[in-house]
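Structure first, commentary second.
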């Protein structure tokens, strides 16, 4: 599909649940966020149907998100069904890694290609603080299992916040040098509870500068996966570092994605309030041609770019939208 700005839209991010086993401070309050009722959430067979329709419109890549997607029952079955859909070239998943150790090999066997794991600190106590309940040992078990299962390249998503974990930038770079891991530093965005954290923002150029003064960097185009990161190899290292810059140097001109929320809404842009209901027509028995037209309408509504730098704020938590 092509939008009104001649961008090819071939990537669908599907939030398969709004539930999460953690309460990360920049994502949601300690009490969590209001959850949708069971009937409000797309059923697995509905997700598979919409994925099949999306593939028919030109979607070739799907990423499963949440919430935390691995808390969804029968997620392995869902992956297997999605992997069997003609036209879908890649199924990937973003997770906090807590349950990945137990599921990595089953997910790989079902057809999952690779994983991104959210990890904002390498320190046990700090991890517990930021997640309010997590155990970093479980995350490392998940990382090792993902590598062993071949869910590669394994990428670690790191949101850097000033005064909290910016002292670990070089620690993460060292990890990428010593291990076959790909660290993606992501600029803090004004979404959910992070909307009130303006002073915590650290631009990617500052992060890159700190790293390059210690570890020489060279462009790493081999890791290109049609995503927004600018990737670099640490000379002599086993992994890489990448920088995702939604604030300082947005990548809207090459955006190729749609989002499907857990409650069945299509979002043309993460940073836009507009949503299009597709669950309602699906449950009302709409034919697949009508559902395909709804996908096409969502694509036609994609804005040219976001407006976060102009003070726009997303009131919904990332777990509600689908990160």
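Just so you know, glycine gets a Cβ as well, placed from its N, Cα and C.
Annotated features, as they stand in Swiss-Prot:
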- 13, 63, 94, 155, 257, 258, 259: GTP binding site (BINDING)
- 20, 24, 27: [4Fe-4S] cluster 1 binding site (BINDING)
- 26, 67, 118, 189: S-adenosyl-L-methionine binding site (BINDING)
- 252, 255, 269: [4Fe-4S] cluster 2 binding site (BINDING)
- 4-226: domain 'Radical SAM core' (DOMAIN)
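Using residue 155 (GTP binding site) as the reference Cα, a 10 A cut-off selects 118 from the binding-site residues 20, 27, 118, 252. The shortest Cα-Cα distance between residue 259 (GTP binding site) and any of the binding-site residues 24, 67, 118 is the one to 67. Taking a C-beta cut-off of under 8 angstroms and a sequence separation of 6 or more, residue 24 ([4Fe-4S] cluster 1 binding site) has the following same-chain neighbours: 118, 120, 130, 131, 132. Of all the binding-site residues listed here (20, 27, 67, 189, 252), 67 has the Cα closest to the Cα of residue 13 (GTP binding site). Listed in sequence order, the binding-site residues near residue 67 (S-adenosyl-L-methionine binding site) (C-alpha within 10 Å of its C-alpha) are 20, out of 20, 252, 255, 257, 269.
Note: residue 63 (GTP binding site) has non-local neighbours 11, 12, 13, 14, 91, 92, 93, 94, i.e. same-chain residues 6+ apart with C-beta under 8 A of its own C-beta.
For residue 189 (S-adenosyl-L-methionine binding site), the spatially nearest entry among the binding-site residues 20, 27, 252, 255, 269 is 27, judged by CA separation. Reported as a whole number, the C-alpha separation between residue 26 (S-adenosyl-L-methionine binding site) and residue 20 ([4Fe-4S] cluster 1 binding site) equals 14 Å. Once Cβ contacts within 10 Å are tallied over all protein chains shown, the binding-site residues 13, 155, 257, 259 are led by 155.
Of all the binding-site residues listed (20, 252), 20 sits in the most crowded Cβ setting, with the most other Cβ atoms within 10 Å.
Within 10 Å of the Cβ of residue 27 ([4Fe-4S] cluster 1 binding site) there are 22 other Cβ atoms, across all protein chains.
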